[in-house]
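Copied over from TrEMBL, here are the features:
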- 240: active site, proton acceptor (ACT_SITE)
- 17, 18, 19, 20, 21, 22, 23, 24, 51, 148: NADP(+) binding site (BINDING)
- 178, 182, 216, 235, 331: substrate binding site (BINDING)
- 14-187: domain 'Glucose-6-phosphate dehydrogenase NAD-binding' (DOMAIN)
- 189-480: domain 'Glucose-6-phosphate dehydrogenase C-terminal' (DOMAIN)
Ligand code: BG6
């Protein structure tokens with residue numbers, strides 16, 4: 001396999017919140033890896049901007065530590081690192097005042113793409129956008145990148161969209177959902193729309209149900225304040241799982257282009273039925289040995305926020321009427337494993353005797369770890385003794401199928417940031433999509449609040465509360481095992 005680097009013109013990229021956690025863990029290491037891949041053209045500049053007093057040398061030392069700590073097994077030379085550091089600069093900036101803005105403006109080069117990454121809380125989105133205009137840094141080549149949480153309900157997300165729209169056109173606003181940047185998530189589109197094999201079967205006539213699982217082993221990881229106000233519904237379902245659902249359920253877009261794809265995703269969200277409370281299970285992880293439970297992690301013994309959620313959903317449209325979608329996500333579960341499973345129906349009639357059993361095809365898209373795609377097919381068990389059937393996977397583990405070069409899967413942030421530089425919005429959420437997702441989520445959360453719903457405890461290292469298993473059992477189905 002030959003990896004292709006698509007060249008880009010020189011650009012200026014400013015990271016607001018450049019000394020923050022996301023910048024340190026994700027954004028700056030991702031930019032470094034793109035630098036090593038040869039994708040930073042001559043003259044490109046990366047400028048950190050934040051409240052902390054720092055000079056360029058101190059920022060470079062900060063980035064060096066971030067690169068060393070958050071690059072996993074990625075191999076690089078000292079020359080790579082020194083080269084990257086030489087394109088880094090820093091400006092101390094007051095997001096709500098005037099300090100540092102003129103200095104930042106003087107660092108911008110004329111006539112080139114400018115990316116402003118808002119790696120800050122949403123309350124600063126409006127003030128930053130406004131100052132970019134006041135200080136003459138915004139033109140048609142300017143793009144802004146905003147992170148989740150994009151609001152906490154429909155009303156706040158609308159207000160955020162309005163405040164950005166006051167200063168930038170929609171085609172300049174890149175709302176990141178890093179799940180869309182994951183390699184296998186894009187492969188999902190390649191599988192569906194690049195093959196003749198699957199699309200004719202991709203509907204309720206042939207698909208029994210679809211499961212989406214995003215299971216994590218980590219807890220709230222020092223983000224207790226934020227997480228306890230969000231919970232799994234706002235933190236994961238409204239965005240990441242919703243985006244996966246959209247890609248799996250949408251109609252084929254006419255082209256792989258931003259609005260064509262996003263129009264189809266929006267239709268999926270709008271076709272979602274309201275969810276019956278009986279079809280939702282909420283959970284909260286308990287203490288185990290010397291590992292604190294959720295309540296201690298967030299420092300509130302009375303918190304009723306969920307760290308796990310499982311739901312059964314229906315889409316009211318021709319393609320999916322009658323096919324349920326089961327979604328679940330949780331923290332402190334048995335394994336880190338995210339996958340989508342498309343479970344096909346059994347054959348309408350079996351020509352074999354009972355002993356052969358009934359079987360089904362399952363297409364599994366493994367997002368992480370061990371990215372790949374499996375298709376379970378039914379074959380004859382080898383050997384004499386009659387017709388016994390067995391399911392075997394046609395395994396498309398990318399590293400095995402594509403050779404060692406596929407072992408390096410660029411991180412979602414690497415791909416998404418370079419898409420911003422290239423001006424490609426296909427893998428970013430449009431404002432109306434985000435609002436539609438909140439419009440569906442809000443009544444569910446309001447229902448919990450009205451009923452003073454309490455999440456069920458579950459053991460660390462389990463698959464969530466047993467009621468989540470029952471959610472499927474009562475339909476005669478079962479979750480796939482969570483394994484890494
Ligand atoms: C983030 C959530 O958006 O996604 C976190 O805020 C979660 O709570 C994370 O842990 C999961 O991302 P990934 O890429 O590790 O699956």
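For all residues, glycine too, the Cβ spot is worked out from N, Cα and C.
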Alpha-carbon distance [residue 235 (substrate binding site); residue 19 (NADP(+) binding site)] in Å: 23
For the recorded positions 51, 178, 240, 331, the one whose C-beta sees the most other C-beta atoms within 10 angstroms: 331
Cα proximity to residue 17 (NADP(+) binding site), best match among recorded positions 182, 216, 235, 240, 331: 235
Cβ neighbour count (within 10 Å, all chains shown) around residue 216 (substrate binding site): 19
Residue 178 (substrate binding site) and residue 23 (NADP(+) binding site), Cα-Cα, nearest whole angstrom: 14
Listed binding-site residues with Cβ under 6 Å from ligand 1, out of 17, 19, 21, 51, 235, 331: 235
Largest inter-residue Cα distance among 178, 182, 216, 235, 331 [record-listed substrate binders, Å]: 20
Least Cβ-crowded entry, counting other Cβ within 10 Å, from the binding-site residues listed as 21, 235: 21
Residue 178 (substrate binding site) as reference: those recorded positions from 21, 51, 240 with C-alpha within 10 Å of it: 240
Between residue 182 (substrate binding site) and residue 21 (NADP(+) binding site): CA-CA distance (Å): 20
For residue 240 (active site, proton acceptor), the one of 51, 182, 216, 331 that lies nearest, given that the binding-site residues are compared by Cα: 182
Assigned element (helix, strand, coil) containing residue 19 (NADP(+) binding site), judged by DSSP: coil
Pairwise CA distance, residue 182 (substrate binding site) versus residue 51 (NADP(+) binding site), rounded so that it is a whole Å: 31
